[in-house]
């Protein structure tokens, strides 16, 4: 496992100490002007979406980006920082979603039942992550990948079959606590031309929780613990020889990542007021996460932000572009099929392969290199 | 399976490698264990034959993957797409020869199946060669990149299948005389499953003979043990690698044809769906072991069938349970391959 993605370890001299921003970002600054600009733009746009765009689609897209930033960042902790490929990440995402959905649907739409659901989901995720880690992380990395794939598929089958609990293929729709419902008004007047209703509060709940979890993950990868993970990724044998218990560190990383994914799942369910196999558990979401991490940039955390934003935007808007292109090429054999709107994944897949070969640092690595 | 043991009569100059009997005994032991729970013997025979057939189909799909891993230390997460590709390749034959499937003549029907298999293996062998060259070759030696890049190859190839054959599922007819079942008293054996058992056994015995009795098999086994040494002795290990990868892809294509006729519908995702089972099987068997893959396939399929009959809800996770039990007993799989 010595040749993991050629990523520079994040040590560098330009690190400044002190300063509020630097503190918030755990001294892991973007280190590229273009990257800083893009990240700032994404942050501002996400923070102000409800005030900038009207209609429900932009806000929905923004909420999805927030959730996926957390999900992808937590996956990056595994893939990019620890060099472990897990296919069970959607399982933890799903556990979070089902935790909220089942609690709110069964116990009632209150904050306390949401808290119970989330706590139960976190506990289940932690136990599962520890079990999988201890069973398979001590053998070889590929074992872990295959076993997580098997476990995740079993979880998906279970969720769709145990329909008494999970609602089966139909999933569960549920009511949110009153403060998050569209009918709720925080103020009687409008603020900046916008009615402050429960939907807006729900969006900001998603936004701020995502932000906090992302900053926490950034803190974790820049802590001594994160440094050990990177050392294990670079040279497992040497890290073990230095006295670090590789299995323990890897298991801890997979637990942290699972917990963050569970929170992301809970946010997703809260935002959609629904959870089902297709929104959180399906294998295609797993593939989406992989694409986002690699295209954004493995082992950078900021790659998660860019990857998620680019991917979700492409998912929502690239298809329109491709539809136009496909129509323009009508009449030529096969070509219109290749840029048919439904084939957008083909091109992202190709981009993914090229990324793995040519720029293992993804978009973020590219931008940082451009600066140097 | 007996052909592995009868060879001890030859005047051996070197001590023969001991056959590991315990995992082999696992299969009959499991069958006997299930008998009292199933109850009626005729149901038991029906379940067992059906399970064996399913096991053979899984073996056909998994054998290529485990062989490639054993020799090249490459884990191909895109293996499933060769299964799908093999399945779709049947359309190339079924298109012009659709009439053959409707004739009620066993000869013509089997010829059609054979032709489908040949064409599918040809297509997947070609695709395998391209896949090896474009996707896999740049990442020899790095498992992490292999997993990522072969997943990428899987996505792209699946999308290409969609682009060429369309995104909606395609029904394919099972040839007329392979439908229905043989009935002996209370025992029911689906005809197609019998065909699957015959083909699976043929491939397994063929592979065993090739690996254990021929020069090329000797080289492959030596390559699994120590590729540098084989290369140092003047053999082109790369050429061997590539041909094994191509053969592995063709085997997946063969498995894909059998699987497609069993499901009687084609979807681009069908290969990836079955990959979970394939991974479980090769983990159980021991990564890189063809014999282990064979035993593992039968074991998984039999357990799924018995448990499905006795306690249907449990069947969904029976595969995982079998895998966990086997790994607790032998962490490297039933037949651990040396060096790894």
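Here, residue 1 is simply the first one shown, and the rest follow in order.
Placed from the backbone N, Cα and C atoms, the Cβ positions cover glycine too.
All TrEMBL annotations are machine predictions without curation.
Pulled from TrEMBL, these are the features on record:
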TRANSMEM  B:21-38  transmembrane segment
TRANSMEM  B:44-69  transmembrane segment
TRANSMEM  B:81-102  transmembrane segment
TRANSMEM  B:108-135  transmembrane segment
TRANSMEM  B:147-172  transmembrane segment
TRANSMEM  B:192-211  transmembrane segment
TRANSMEM  B:240-262  transmembrane segment
TRANSMEM  B:274-307  transmembrane segment
TRANSMEM  B:314-331  transmembrane segment
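In summary, the transmembrane segment (B:240-262) lies against the transmembrane segment (B:44-69): three or more C-beta pairs, each 6 or more positions apart in sequence, are under 8 Å. Highest Cβ contact count with the transmembrane segment (B:21-38) among the listed stretches B:108-135, B:147-172, B:192-211, B:274-307, B:314-331 falls to B:274-307 (criterion: pairs under 8 Å). The stretch from B:44-69, B:147-172, B:314-331 that makes the most Cβ contacts under 8 Å with the transmembrane segment (B:192-211) is B:44-69. In terms of C-beta pairs under 8 Å, the stretch of B:44-69, B:147-172, B:314-331 lying closest in packing to the transmembrane segment (B:274-307) is B:44-69. Outside the transmembrane segment (B:147-172), and at least 6 residues removed from its termini, the chain residues within Cβ reach (under 8 Å) are 75-81, 84-85, 88, 90-91, 94, 127, 131, 134-136, 138-139, 260-261, 264-269, 272. Same-chain residues lying 6 or more positions outside the transmembrane segment (B:314-331) and placing a CB less than 8 Å from one of its CB atoms are 23, 276-277, 280, 283-284, 286, 296, 299-300, 303-304, 307-308.
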